[in-house]
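Novice: Not my notes, these are from Swiss-Prot:
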BINDING   ASP16, ASP145, ILE146  Ca(2+) binding site
Amino acid sequence: MSSQGKQYEYLDHTADIKFQAYGKTREEVFENAALAMFNVIIDTKKISGDTAREIFLKSPDLESLLVDWLSELLYLFEVDEIVFREFRVDNIREENGEYSITAQALGEKYDLKSLPFETEIKAVTYNQLEITKTADGWKAQVVVDI
């Protein structure tokens, strides 16, 4: 992890929510970006981890893979009604000009009565999207549309 040991931090943005996620590896920065996104929706500390989803995605570049990863998690939240609290990225690979991710997301089916939402995320955007290698590992910047 970098930036003084933080997993992620929220940054000022006029209309949407912007955050930076940190990790020692690409896998860890993807995990922390997902955690940051779900903490916008709900306090993930209140979520159990009794439901799991396996995720495998391919994208043409690393930035698209991050957007696809977060968008897939948001889709599972909206369609399968699962709110996630933990993310395990097994690997991110580059092969034949494509990037792929193999991961699991752990959470629970949500009930609005017991798990009130804080903010609704409409979409993950490419606006100000960055993934960079740093001296301490990796940093990703993401803006989500609310």
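Each Cβ is built from the backbone N, Cα and C atoms, and glycine gets one as well.
Quick caveat, the model's predicted, so the values are computed rather than measured.
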Novice: What is the set of residues, excluding ASP16, ASP145, ILE146, whose C-beta falls within 8 angstroms of the centroid of the C-beta atoms at the Ca(2+) site?
Specialist: ALA15, ILE17, ILE121, LYS122, ALA123, THR125, VAL143, VAL144
Novice: Drop a 10 Å sphere on every Cβ of the binding-site residues ASP16, ASP145 and tell me which sphere holds the fewest other Cβ atoms.
Specialist: ASP145
Novice: Can you name the residues of this chain that are 6 or more positions from ILE146 (Ca(2+) binding site) yet have a C-beta less than 8 Å from its C-beta?
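Specialist: Correct list: ALA15, ASP16, ILE17, VAL40, THR119, GLU120, ILE121, LYS122.
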